[in-house]
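Working notes, beginning with the structure itself.
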Amino acid sequence: MRRELLLEKIDELKELMPWYVLEYYQSKLTVPYSFTTLYEYLKEYRRFFEWLIDSGVSNANKLADIPLETLEHLSKKDMESFILYLRERTLLNTKNKRQGVSQTTINRTLSALSSLYKYLTEEVENADGEPYFYRNVMKKVSTKKKKETLAARAENIKQKLFLGNETMEFLEYVDCEYEHKLSKRALSSFRKNKERDLAIIALLLASGVRLSEAVNLDLKDVNLNMMIIEVTRKGGKHDSVNVAGFAKPYLENYITIRRGRYKAKKTDLAFFLSEYRGVPNRMDASSIEKMVAKYSQDFKIRVTPHKLRHTLATRLYDATKSQVLVSHQLGHASTQVTDLYTHIVNDEQKNALDKL
């Protein structure tokens with residue numbers, strides 16, 4: 001979603017919210033939470049507040065009128081009723097006829113509510129320097145996490161990684177073969193964005209940055225002489241990220257055509273641009289996701305930008321056998337997250353031995 005559209009949707013949701021949610025939103029901007037995260041949280045709050053009114057827990061006529069006391073006195077039984085509602089509600093905007101949302105969605109909803117309750121009961125200060133209230137019902141609500149061993153997760157992910165020679169084969173496929181299957185109209189669009197698309201894919205495969213980090217990259221953040229990019233990690237931490245050398249020609253080719261092809265001016269700071277009717281804009285996450293899905297599905301299997309991040313991490317661990325190095329490359333504070341890649345690499349080694 002384009003940043004401008006995202007901010008518009010956030011403003012629409014803010015108009016519906018009670019004053020204490022608006023305070024929460026303003027507070028989290030200073031952390032900073034990303035606008036994408038805050039947008040998703042606001043959507044969860046809207047769903048929760050709508051349920052409070054529809055279920056009769058609150059007598060308010062509109063969401064903005066739900067008093068703080070409703071949240072303060074909400075019982076564990078009330079919250080469990082809300083969770084049950086999520087499990088049983090009919091899914092909207094989908095061909096899937098099953099009832100209820102997934103456990104992952106429920107966990108995301110509860111995470112958003114936990115963040116709001118923590119703010120109201122611990123972080124905010126009233127005129128006396130105290131939080132608005134102390135009772136946090138979310139601490140009494142347990143979440144059910146998806147049970148899956150690292151080995152099982154590694155097996156599921158492994159099939160969606162472009163390991164070994166497949167990393168360069170994927171880039172070469174997009175560069176040299178993909179266009180032969182296209183109609184004249186599709187070919188024109190492909191050729192306009194070919195250098196940019198290749199640069200994005202190469203950067204993701206060569207650095208392992210998150211999609212949001214690639215989207216928010218500015219021209220000034222890219223140093224091709226040192227093959228380093230400056231990114232803002234989760235939690236607002238700034239980081240310098242090394243980029244593998246194989247991405248350099250793709251990035252150089254894109255920079256060569258960026259200004260002329262996308263009508264970029266000095267005021268257009270974004271590194272990856274799209275252009276519509278002569279107006280350049282920062283390329284949004286949704287467009288990159290669709291682009292990666294399109295090329296990868298035609299090459300081998302449909303994947304997400306996050307799978308390209310997993311690809312880099314797995315290849316780096318395979319080459320170095322260092323979880324510390326991989327965690328630093330990915331911007332993780334702990335090596336625990338990188339345990340997954342040891343399982344993937346070990347499976348690859350076992351497969352190689354079986355062929356001897």
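Numbers run from 1 along the shown chain.
The backbone N, Cα and C atoms fix where each Cβ goes, glycine too.
As written in Swiss-Prot, here are the features:
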type     : residues : note
ACT_SITE : R210     : active site
ACT_SITE : K234     : active site
ACT_SITE : H306     : active site
ACT_SITE : R309     : active site
ACT_SITE : H332     : active site
ACT_SITE : Y341     : active site, O-(3'-phospho-DNA)-tyrosine intermediate
DOMAIN   : 16-121   : domain 'Core-binding (CB)'
DOMAIN   : 169-354  : domain 'Tyr recombinase'
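Taking R210, R309, H332 as the active-site residues under consideration, the smallest Cα distance to Y341 (active site, O-(3'-phospho-DNA)-tyrosine intermediate) is found for R309. For the domain 'Core-binding (CB)' (16-121), the number of residues in each DSSP class (helix H, G, I; strand E, B; coil) is 71 helix, 2 strand, 33 coil. A Cα-Cα distance of 15 Å separates R309 (active site) from K234 (active site). Its Cβ taken as reference, H332 (active site) is surrounded by 17 other Cβ atoms within 10 Å in the chains shown. Proximity to H306 (active site), defined by a C-alpha to C-alpha distance within 10 angstroms, is shown by the following active-site residues from R210, K234, H332: R210. Most Cβ neighbours within 10 Å among the active-site residues K234, H306, R309: this distinction goes to R309. For R210 (active site), the count of additional Cβ atoms within 10 Å of its Cβ stands at 19 [all protein chains shown]. Neighbour density for Y341 (active site, O-(3'-phospho-DNA)-tyrosine intermediate): within 10 A of its CB lie 25 other CB atoms from the protein chains shown.
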